[in-house]
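**Q** Look at TrEMBL and you will find 20-51, 195-228, 238-272, 362-395 tagged as repeat 'WD'. If you look up TrEMBL, you'll see 281-352 marked as domain 'FYVE-type'.
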Amino acid sequence: MAAEIHPRPQTRKPVLLSKIEGFQDVVNTAVIIPKEDGVISVSQDRTIRVWLKRDSGQYWPSVYHTMPVACSCMSFNPETRRISLGLENGTVSEFVLSEDYNQMTPARTYQAHQGGVTVVLFVLEMEWVLSTGQDKSFTWHCSESGQQLGTYRTTAWVSGLQFDVETRHAFVGDHSGQVTILKLEQDNCSLVTTFKGHTGNVTALCWDPVQRVLFSGSSDHSIIMWDIGGRKGTAFELQGHNDKVQGLCYASHTRQLISCGSDGGIVIWNMDVTRQETPEWLDSDSCQKCEQPFFWNFKQMWDSKKIGLRQHHCRKCGQAVCGKCSSKRSTIPLMGFEFEVRVCDSCHDSITDEERAPTATFHDSKHSIIHMQYEPTRGWLLTSGTDKIIKLWDMTPVVS
(Lines of atoms letter the chains of each structure in order from A and count residues from 1; the text may use other names and numbers.)
(Lines give C-alpha, C1' and ligand atoms only; values in the text may rest on other atoms or scores of the structure.)
Protein backbone atom coordinates (compact mmCIF):
# COMPACT_ATOMS: atom_id res chain seq x y z
CA MET A 1 0.00 0.00 0.00
CA ALA A 2 1.38 3.42 -0.94
CA ALA A 3 2.54 5.54 1.96
CA GLU A 4 0.60 8.71 2.60
CA ILE A 5 2.25 12.11 2.69
CA HIS A 6 0.66 14.29 5.34
CA PRO A 7 0.98 17.92 4.25
CA ARG A 8 2.39 20.28 6.82
CA PRO A 9 1.32 23.92 7.17
CA GLN A 10 3.37 26.03 4.77
CA THR A 11 4.32 29.62 5.50
CA ARG A 12 6.15 30.01 2.18
CA LYS A 13 5.14 28.42 -1.10
CA PRO A 14 5.70 28.73 -4.87
CA VAL A 15 3.79 31.57 -6.51
CA LEU A 16 1.91 30.75 -9.72
CA LEU A 17 2.84 33.44 -12.25
CA SER A 18 1.17 32.32 -15.49
CA LYS A 19 -0.58 29.52 -17.33
CA ILE A 20 -0.04 28.73 -21.01
CA GLU A 21 -2.91 26.83 -22.63
CA GLY A 22 -4.20 25.99 -26.10
CA PHE A 23 -2.35 22.74 -26.86
CA GLN A 24 -4.10 19.92 -28.72
CA ASP A 25 -1.98 17.28 -27.02
CA VAL A 26 0.48 16.77 -24.17
CA VAL A 27 3.54 19.04 -24.00
CA ASN A 28 6.53 16.69 -23.88
CA THR A 29 9.17 19.35 -23.17
CA ALA A 30 9.22 23.10 -22.55
CA VAL A 31 11.92 25.54 -21.47
CA ILE A 32 12.03 29.08 -20.12
CA ILE A 33 14.04 31.47 -22.30
CA PRO A 34 16.58 33.10 -19.93
CA LYS A 35 16.48 36.92 -19.75
CA GLU A 36 13.27 36.94 -21.79
CA ASP A 37 9.62 36.66 -20.91
CA GLY A 38 9.36 33.64 -23.16
CA VAL A 39 8.83 29.89 -23.31
CA ILE A 40 9.62 27.30 -25.99
CA SER A 41 7.39 24.21 -26.11
CA VAL A 42 7.34 20.99 -28.12
CA SER A 43 4.25 18.85 -28.10
CA GLN A 44 2.82 15.51 -29.05
CA ASP A 45 0.58 17.46 -31.46
CA ARG A 46 3.70 17.91 -33.69
CA THR A 47 4.08 21.61 -32.93
CA ILE A 48 7.05 23.62 -31.74
CA ARG A 49 6.01 27.02 -30.41
CA VAL A 50 7.82 30.08 -29.08
CA TRP A 51 5.63 31.97 -26.59
CA LEU A 52 6.37 35.61 -25.75
CA LYS A 53 4.63 37.59 -23.02
CA ARG A 54 2.58 40.46 -24.43
CA ASP A 55 1.63 43.77 -22.82
CA SER A 56 -1.66 42.17 -21.78
CA GLY A 57 0.29 39.80 -19.52
CA GLN A 58 -0.69 36.77 -21.63
CA TYR A 59 1.71 34.52 -23.55
CA TRP A 60 1.10 34.32 -27.31
CA PRO A 61 3.02 32.24 -29.88
CA SER A 62 5.44 34.34 -31.93
CA VAL A 63 6.52 31.14 -33.73
CA TYR A 64 4.16 28.26 -34.52
CA HIS A 65 5.82 25.50 -36.55
CA THR A 66 4.42 22.06 -37.33
CA MET A 67 6.81 19.11 -37.70
CA PRO A 68 6.07 16.02 -39.87
CA VAL A 69 5.85 13.77 -36.78
CA ALA A 70 5.40 14.20 -33.04
CA CYS A 71 8.12 16.04 -31.11
CA SER A 72 9.39 13.89 -28.24
CA CYS A 73 12.17 15.96 -26.63
CA MET A 74 14.18 19.17 -26.95
CA SER A 75 17.37 20.92 -25.88
CA PHE A 76 17.73 24.72 -26.07
CA ASN A 77 21.01 26.64 -25.91
CA PRO A 78 20.33 30.32 -25.09
CA GLU A 79 23.80 31.52 -26.14
CA THR A 80 23.42 30.35 -29.74
CA ARG A 81 19.57 30.32 -29.66
CA ARG A 82 19.83 26.80 -31.08
CA ILE A 83 16.96 24.35 -30.62
CA SER A 84 17.83 20.65 -30.93
CA LEU A 85 14.58 18.77 -31.43
CA GLY A 86 14.13 15.00 -31.06
CA LEU A 87 11.38 13.41 -33.16
CA GLU A 88 9.50 10.13 -32.96
CA ASN A 89 10.89 9.02 -36.34
CA GLY A 90 14.44 8.90 -34.91
CA THR A 91 15.78 12.16 -36.37
CA VAL A 92 17.17 15.19 -34.54
CA SER A 93 16.31 18.50 -36.22
CA GLU A 94 18.08 21.75 -35.35
CA PHE A 95 16.70 25.27 -35.69
CA VAL A 96 18.12 28.70 -34.88
CA LEU A 97 15.87 31.40 -33.43
CA SER A 98 16.21 35.02 -34.53
CA GLU A 99 17.33 37.60 -31.98
CA ASP A 100 13.78 38.86 -31.54
CA TYR A 101 12.46 35.27 -31.21
CA ASN A 102 9.93 35.85 -33.98
CA GLN A 103 11.49 33.57 -36.59
CA MET A 104 12.93 30.06 -36.61
CA THR A 105 15.37 28.91 -39.31
CA PRO A 106 16.15 25.22 -40.04
CA ALA A 107 19.87 24.50 -39.52
CA ARG A 108 20.60 20.76 -39.69
CA THR A 109 19.01 17.30 -39.46
CA TYR A 110 20.71 14.22 -38.01
CA GLN A 111 19.60 10.66 -38.81
CA ALA A 112 20.37 9.63 -35.26
CA HIS A 113 18.20 6.60 -34.39
CA GLN A 114 16.06 3.78 -35.76
CA GLY A 115 13.36 4.50 -33.18
CA GLY A 116 11.91 7.57 -31.51
CA VAL A 117 14.39 9.95 -29.85
CA THR A 118 13.97 9.86 -26.06
CA VAL A 119 16.51 12.48 -24.92
CA VAL A 120 18.56 15.08 -26.79
CA LEU A 121 21.31 17.28 -25.34
CA PHE A 122 23.41 19.96 -27.06
CA VAL A 123 26.88 20.60 -25.56
CA LEU A 124 28.19 23.95 -26.77
CA GLU A 125 31.69 23.51 -25.33
CA MET A 126 32.27 20.35 -27.38
CA GLU A 127 29.98 21.21 -30.31
CA TRP A 128 28.34 17.85 -29.71
CA VAL A 129 24.71 16.73 -30.00
CA LEU A 130 24.05 13.80 -27.66
CA SER A 131 20.91 11.73 -28.15
CA THR A 132 19.29 8.49 -27.05
CA GLY A 133 16.53 6.51 -28.72
CA GLN A 134 13.99 3.75 -28.40
CA ASP A 135 16.38 1.64 -30.48
CA LYS A 136 18.44 1.30 -27.26
CA SER A 137 21.34 3.35 -28.53
CA PHE A 138 23.23 6.42 -27.38
CA THR A 139 24.86 8.51 -30.12
CA TRP A 140 26.79 11.74 -30.39
CA HIS A 141 27.23 13.93 -33.47
CA CYS A 142 29.44 16.86 -34.37
CA SER A 143 27.12 19.87 -34.66
CA GLU A 144 29.56 21.62 -37.03
CA SER A 145 29.92 18.86 -39.63
CA GLY A 146 26.76 16.86 -38.90
CA GLN A 147 28.89 13.68 -38.77
CA GLN A 148 28.13 10.92 -36.28
CA LEU A 149 31.14 10.56 -33.97
CA GLY A 150 30.16 7.44 -32.07
CA THR A 151 27.45 5.20 -30.69
CA TYR A 152 26.90 2.93 -27.69
CA ARG A 153 24.31 0.18 -27.27
CA THR A 154 22.29 0.50 -24.06
CA THR A 155 20.54 -2.32 -22.20
CA ALA A 156 17.13 -0.64 -22.35
CA TRP A 157 15.36 2.52 -23.44
CA VAL A 158 17.14 5.56 -22.07
CA SER A 159 14.99 8.07 -20.21
CA GLY A 160 17.63 10.21 -18.49
CA LEU A 161 20.82 11.82 -19.83
CA GLN A 162 23.33 14.23 -18.31
CA PHE A 163 26.84 15.29 -19.37
CA ASP A 164 29.83 16.64 -17.44
CA VAL A 165 31.88 18.94 -19.67
CA GLU A 166 35.03 18.89 -17.51
CA THR A 167 35.50 15.10 -17.49
CA ARG A 168 33.48 14.27 -20.64
CA HIS A 169 31.40 11.78 -18.69
CA ALA A 170 27.89 10.96 -19.90
CA PHE A 171 25.36 9.69 -17.35
CA VAL A 172 22.74 7.46 -18.94
CA GLY A 173 19.65 6.26 -17.02
CA ASP A 174 17.44 3.58 -18.56
CA HIS A 175 14.17 1.68 -18.18
CA SER A 176 15.83 -1.20 -16.32
CA GLY A 177 16.62 1.15 -13.42
CA GLN A 178 20.33 1.21 -14.22
CA VAL A 179 22.60 4.24 -14.55
CA THR A 180 25.62 3.92 -16.84
CA ILE A 181 28.63 6.25 -16.85
CA LEU A 182 30.46 6.57 -20.18
CA LYS A 183 33.70 8.41 -20.93
CA LEU A 184 33.34 10.13 -24.32
CA GLU A 185 36.20 10.93 -26.68
CA GLN A 186 36.02 12.57 -30.09
CA ASP A 187 35.21 9.34 -31.92
CA ASN A 188 34.82 6.60 -29.28
CA CYS A 189 33.63 5.97 -25.75
CA SER A 190 34.49 3.63 -22.89
CA LEU A 191 32.35 2.19 -20.12
CA VAL A 192 33.36 3.60 -16.73
CA THR A 193 30.84 1.86 -14.45
CA THR A 194 27.19 1.01 -13.94
CA PHE A 195 25.11 1.18 -10.77
CA LYS A 196 21.55 0.33 -9.88
CA GLY A 197 19.46 1.34 -6.90
CA HIS A 198 15.96 1.72 -8.33
CA THR A 199 13.33 -0.99 -8.63
CA GLY A 200 11.62 0.96 -11.45
CA ASN A 201 12.87 2.71 -14.57
CA VAL A 202 14.97 5.86 -14.28
CA THR A 203 12.77 8.81 -15.26
CA ALA A 204 15.04 11.79 -14.53
CA LEU A 205 18.70 12.60 -13.91
CA CYS A 206 20.30 15.74 -12.50
CA TRP A 207 24.07 16.33 -12.31
CA ASP A 208 25.72 18.86 -10.01
CA PRO A 209 29.24 19.50 -11.36
CA VAL A 210 30.26 21.49 -8.28
CA GLN A 211 29.59 18.87 -5.59
CA ARG A 212 29.98 16.10 -8.21
CA VAL A 213 26.74 14.49 -7.13
CA LEU A 214 24.21 12.74 -9.38
CA PHE A 215 20.51 12.61 -8.55
CA SER A 216 18.27 9.99 -10.16
CA GLY A 217 14.48 9.85 -10.03
CA SER A 218 12.40 6.80 -10.84
CA SER A 219 8.96 5.38 -11.47
CA ASP A 220 9.40 3.59 -8.11
CA HIS A 221 8.59 7.05 -6.57
CA SER A 222 12.09 7.44 -5.11
CA ILE A 223 15.11 9.68 -5.65
CA ILE A 224 18.69 8.56 -5.05
CA MET A 225 21.65 10.87 -4.50
CA TRP A 226 24.86 9.23 -5.75
CA ASP A 227 28.15 10.57 -4.39
CA ILE A 228 30.26 10.38 -7.57
CA GLY A 229 33.00 12.86 -6.64
CA GLY A 230 33.52 11.58 -3.11
CA ARG A 231 34.35 8.11 -4.49
CA LYS A 232 32.96 6.57 -1.31
CA GLY A 233 30.16 4.77 -3.11
CA THR A 234 27.56 6.30 -0.82
CA ALA A 235 23.97 6.61 -2.01
CA PHE A 236 21.25 8.45 -0.12
CA GLU A 237 17.59 7.70 -0.72
CA LEU A 238 14.83 10.32 -0.74
CA GLN A 239 11.16 9.31 -0.44
CA GLY A 240 8.74 12.16 -0.99
CA HIS A 241 6.40 11.31 -3.89
CA ASN A 242 3.34 9.09 -4.24
CA ASP A 243 3.88 8.53 -7.95
CA LYS A 244 6.76 8.49 -10.41
CA VAL A 245 9.31 11.27 -10.25
CA GLN A 246 9.23 13.26 -13.50
CA GLY A 247 11.81 15.97 -13.04
CA LEU A 248 14.83 16.96 -10.93
CA CYS A 249 16.86 20.14 -10.61
CA TYR A 250 19.57 21.11 -8.12
CA ALA A 251 20.02 24.71 -6.95
CA SER A 252 23.70 24.49 -6.02
CA HIS A 253 23.89 28.01 -4.52
CA THR A 254 21.34 27.10 -1.84
CA ARG A 255 21.99 23.33 -1.84
CA GLN A 256 18.34 22.53 -2.46
CA LEU A 257 16.94 19.84 -4.71
CA ILE A 258 13.65 20.43 -6.54
CA SER A 259 11.65 17.37 -7.58
CA CYS A 260 8.32 17.08 -9.38
CA GLY A 261 6.13 14.04 -9.89
CA SER A 262 3.04 12.60 -11.53
CA ASP A 263 1.33 13.05 -8.16
CA GLY A 264 1.42 16.81 -8.81
CA GLY A 265 3.89 17.34 -5.98
CA ILE A 266 6.67 19.91 -6.05
CA VAL A 267 9.12 18.95 -3.30
CA ILE A 268 11.98 21.15 -2.09
CA TRP A 269 14.71 19.11 -0.38
CA ASN A 270 17.31 20.64 1.92
CA MET A 271 20.54 18.88 0.93
CA ASP A 272 22.68 20.98 3.28
CA VAL A 273 22.25 18.38 6.04
CA THR A 274 24.23 15.29 6.99
CA ARG A 275 22.19 12.43 5.58
CA GLN A 276 22.34 8.73 6.45
CA GLU A 277 22.31 5.78 4.08
CA THR A 278 19.32 3.46 4.31
CA PRO A 279 20.34 0.03 5.61
CA GLU A 280 20.32 -3.20 3.61
CA TRP A 281 17.33 -5.38 4.42
CA LEU A 282 18.48 -8.42 6.38
CA ASP A 283 17.37 -11.97 5.64
CA SER A 284 16.05 -14.22 8.39
CA ASP A 285 13.73 -17.18 8.79
CA SER A 286 12.34 -15.76 12.03
CA CYS A 287 11.71 -12.37 13.63
CA GLN A 288 15.02 -10.88 14.75
CA LYS A 289 13.30 -9.38 17.80
CA CYS A 290 10.97 -12.06 19.24
CA GLU A 291 12.32 -15.05 17.24
CA GLN A 292 8.84 -16.10 16.10
CA PRO A 293 9.09 -18.06 12.81
CA PHE A 294 8.00 -16.53 9.51
CA PHE A 295 5.34 -18.41 7.55
CA TRP A 296 7.79 -20.18 5.18
CA ASN A 297 9.86 -21.59 8.07
CA PHE A 298 7.98 -24.90 8.29
CA LYS A 299 10.52 -26.67 10.51
CA GLN A 300 10.49 -24.06 13.28
CA MET A 301 6.70 -23.77 13.02
CA TRP A 302 6.40 -27.54 13.51
CA ASP A 303 8.98 -27.73 16.30
CA SER A 304 7.53 -24.81 18.26
CA LYS A 305 3.90 -25.55 17.32
CA LYS A 306 3.43 -21.89 16.35
CA ILE A 307 1.74 -20.29 13.35
CA GLY A 308 4.13 -18.55 11.01
CA LEU A 309 4.08 -14.76 10.75
CA ARG A 310 4.47 -12.36 7.85
CA GLN A 311 7.88 -10.78 7.42
CA HIS A 312 8.45 -7.01 7.52
CA HIS A 313 11.56 -4.84 7.68
CA CYS A 314 12.46 -1.92 9.89
CA ARG A 315 13.40 1.03 7.67
CA LYS A 316 15.90 2.31 10.22
CA CYS A 317 17.95 -0.77 11.16
CA GLY A 318 16.98 -3.11 8.30
CA GLN A 319 16.17 -6.05 10.57
CA ALA A 320 13.55 -8.62 9.56
CA VAL A 321 10.69 -8.30 12.05
CA CYS A 322 7.11 -9.43 12.55
CA GLY A 323 4.13 -7.08 12.59
CA LYS A 324 3.86 -7.14 16.39
CA CYS A 325 7.47 -6.03 16.82
CA SER A 326 7.09 -3.27 14.22
CA SER A 327 3.67 -1.88 15.09
CA LYS A 328 4.75 1.77 15.07
CA ARG A 329 5.50 4.29 12.34
CA SER A 330 7.84 7.25 12.21
CA THR A 331 9.35 9.76 9.83
CA ILE A 332 13.15 9.52 9.42
CA PRO A 333 13.98 12.63 7.37
CA LEU A 334 17.78 12.24 7.50
CA MET A 335 17.30 8.84 5.85
CA GLY A 336 15.03 10.46 3.26
CA PHE A 337 11.74 9.23 4.74
CA GLU A 338 9.69 12.42 4.94
CA PHE A 339 6.48 10.44 5.52
CA GLU A 340 5.88 7.79 8.14
CA VAL A 341 7.35 4.32 7.52
CA ARG A 342 7.50 1.05 9.42
CA VAL A 343 10.13 0.84 12.15
CA CYS A 344 10.71 -1.74 14.87
CA ASP A 345 9.62 -0.77 18.36
CA SER A 346 13.14 -0.32 19.71
CA CYS A 347 14.13 1.98 16.82
CA HIS A 348 10.92 3.96 17.28
CA ASP A 349 11.83 4.63 20.91
CA SER A 350 15.34 5.72 19.94
CA ILE A 351 14.29 8.35 17.36
CA THR A 352 14.24 11.83 18.92
CA ASP A 353 11.91 14.70 18.04
CA GLU A 354 14.96 16.53 16.66
CA GLU A 355 15.64 13.62 14.30
CA ARG A 356 12.01 13.78 13.11
CA ALA A 357 12.42 17.43 12.01
CA PRO A 358 11.48 17.63 8.29
CA THR A 359 14.16 18.34 5.69
CA ALA A 360 11.74 18.92 2.79
CA THR A 361 8.65 21.00 2.03
CA PHE A 362 5.72 19.82 -0.10
CA HIS A 363 3.67 21.89 -2.52
CA ASP A 364 0.76 20.97 -4.80
CA SER A 365 0.99 22.06 -8.46
CA LYS A 366 -2.63 20.99 -9.05
CA HIS A 367 -1.75 19.08 -12.21
CA SER A 368 -0.07 15.75 -12.92
CA ILE A 369 3.43 16.83 -13.94
CA ILE A 370 5.19 15.12 -16.86
CA HIS A 371 8.04 17.61 -17.31
CA MET A 372 9.77 20.36 -15.33
CA GLN A 373 12.55 22.88 -15.90
CA TYR A 374 14.15 25.31 -13.47
CA GLU A 375 15.61 28.66 -14.56
CA PRO A 376 17.99 29.68 -11.75
CA THR A 377 18.73 33.30 -12.71
CA ARG A 378 15.18 34.37 -11.90
CA GLY A 379 14.23 31.42 -9.75
CA TRP A 380 11.39 30.36 -12.06
CA LEU A 381 10.07 26.83 -12.41
CA LEU A 382 8.16 25.52 -15.43
CA THR A 383 5.86 22.52 -15.15
CA SER A 384 3.81 20.88 -17.89
CA GLY A 385 1.09 18.39 -17.11
CA THR A 386 -1.24 15.78 -18.50
CA ASP A 387 -3.88 18.54 -18.55
CA LYS A 388 -2.00 20.03 -21.58
CA ILE A 389 -1.20 23.16 -19.56
CA ILE A 390 2.17 24.82 -18.85
CA LYS A 391 2.51 26.59 -15.51
CA LEU A 392 5.20 29.10 -14.56
CA TRP A 393 6.11 29.44 -10.88
CA ASP A 394 8.18 31.88 -8.88
CA MET A 395 10.24 29.64 -6.60
CA THR A 396 12.16 32.37 -4.76
CA PRO A 397 9.95 32.11 -1.63
CA VAL A 398 11.05 28.48 -1.13
CA VAL A 399 14.41 28.19 -2.93
CA SER A 400 16.49 30.56 -0.83
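A Cβ is built for glycine as well, from the same backbone N, Cα and C atoms used for every other residue.
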**Q** Taking residues 6+ outside the repeat 'WD' (362-395), which of them lie with a CB under 8 Å of any CB in it?
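**A** For the repeat 'WD' (362-395), the list is 5, 7-8, 10, 13-21, 23-32, 34-35, 39, 41, 240, 243, 246-247, 249, 251, 253, 258, 260-268, 338.
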**Q** Sort out the residues at least 6 away from either end of the repeat 'WD' (195-228), same chain, that have Cβ-Cβ distances under 8 Å to it, and list them.
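**A** Same-chain contacts beyond the ends: 2, 156-157, 159-166, 171, 173-179, 181, 234-250, 252, 257, 259, 261, 269, 271, 275, 336.
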**Q** Take the repeat 'WD' (195-228) and average the pLDDT across it for me.
**A** 93
